[in-house]
Amino acid sequence: MKLRRGLLRAALALVLLPLLTPAGAVEPISLGLAIAGAAASALTGFISYPRLYCYFRECCLHRHDQRAAAALQENLDKKLFGQHLVSKVVVKAVRGFLNNTNAKKPLALSLHGWTGTGKNFVSKIVAESIYKRGLQSKYVHQFVATLHFPHAHSINLYKDQLQSWIRGNVSTCPRSIFIFDEMDKMHAGLIDSIKPFLDYYELLDGVSYRQAIFIFLSNAGAEKITEVALDFWRNGRTREDIQLTDIQNALSVSVFNNRNSGFWHSTLIDRNLIDYFIPFLPLEYKHVKMCVRVEIESRGYTVDEDIVSRIADEMTYFPREERIYSDKGCKTVDAKLDYYYDF
């Protein structure tokens with residue numbers, strides 16, 4: 001901090017020098033060249049100071065670890081509804097990993113639940129907490145199964161490309177983030193090609209992957225999550241009573257044995273390389289209303305509770321008898337708001 005202030009003062013003094021120097025004391029052209037050269041030198045040194053440089057250009061691990069964890073906690077508290085397990089586990093996992101100067105392996109999080117429960121939203125928040133540009137950062141890489149790996153007959157090509165992509169990006173930035181969406185639509189066996197990068201190796205071909213973060217998103221296991229949530233509800237217990245230990249093991253087994261999951265009989269699960277299987281509980285009526293309010297406020301409009309209720313009422317809920325959980329979560333809230341507001 002003292003160094004930066006000193007450089008700023010030096011540059012400022014050089015800029016003000018012509019105003020403070022008596023006329024004729026120095027030949028104008030010589031003075032101009034001297035000022036330009038010295039100011040450029042001071043400014044170059046100022047900008048090259050690592051932390052300041054990262055204000056002008058994106059750097060690998062843009063934010064300090066503590067700031068990243070604080071930003072993650074704040075955003076999840078404000079914007080994620082009905083997912084007490086997610087908030088607790090994700091914050092602890094990411095904060096602990098960022099603060100660990102001697103991690104033995106990359107961080108691997110697997111997010112599971114129905115559409116609209118917040119999986120993509122949370123992965124976005126994690127990226128934004130570490131890199132200011134979030135998903136737009138050159139150090140955050142997102143793969144969508146149906147877009148990037150559409151053809152089963154090309155699986156060997158995909159494996160080679162995926163390994164090369166991860167190797168190249170981690171070589172550039174050890175704290176790279178890789179997000180794999182639609183894991184339930186990924187060809188079985190493809191994800192196993194990245195197993196070496198998630199394992200407990202210090203170096204692979206001279207590259208360390210221990211600072212990287214891998215996030216997997218999947219609908220697989222949603223039935224098991226709902227089953228646990230319903231059991232709690234039918235026994236008169238709140239969703240907040242559900243603990244990770246009540247569901248994580250059953251969830252991992254369900255995903256491992258699901259033929260429609262990219263993790264079907266995956267070595268990543270078999271070798272315990274996934275650090276956390278994180279369940280996203282199905283959202284209730286009250287959570288849908290929370291989503292509607294936040295979306296209205298984000299568009300700069302005053303919340304109209306009548307519209308909030310009408311949108312929530314338009315959603316369909318399951319199971320058929322109890323009608324507790326929204327079958328689309330909050331996914332269609334944005335589109336429904338367009339109908340009620342002339343945006």
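Glycine is treated like the rest: Cβ placed from N, Cα and C.
Per TrEMBL, the features are as follows:
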- GLY113, TRP114, THR115, GLY116, THR117, GLY118, LYS119, ASN120: ATP binding site (BINDING)
- 283-340: domain 'Torsin-1A C-terminal' (DOMAIN)
- 1-25: signal peptide (SIGNAL)
Spatial neighbours, same chain, of GLY116 (ATP binding site) - Cβ under 8 Å, 6+ residues apart: LEU283, SER326, LYS328, GLY329, CYS330, LYS331, THR332
Other than GLY113, TRP114, THR115, GLY116, THR117, GLY118, LYS119, ASN120, which residues of the chain come within 8 Å of the ATP site, judged by Cβ distance to the Cβ centroid of those residues? PHE121, ASN219, PHE280, GLY329, LYS331
Is it possible to get the count of other C-beta atoms within 10 angstroms of the C-beta of ASN120 (ATP binding site)? 17
Cβ neighbours within the same chain of GLY113 (ATP binding site) - under 8 Å, at least six residues apart: LYS119, ASN219, GLY221, ALA222, ILE225, PRO279, PHE280, LEU281, PRO282
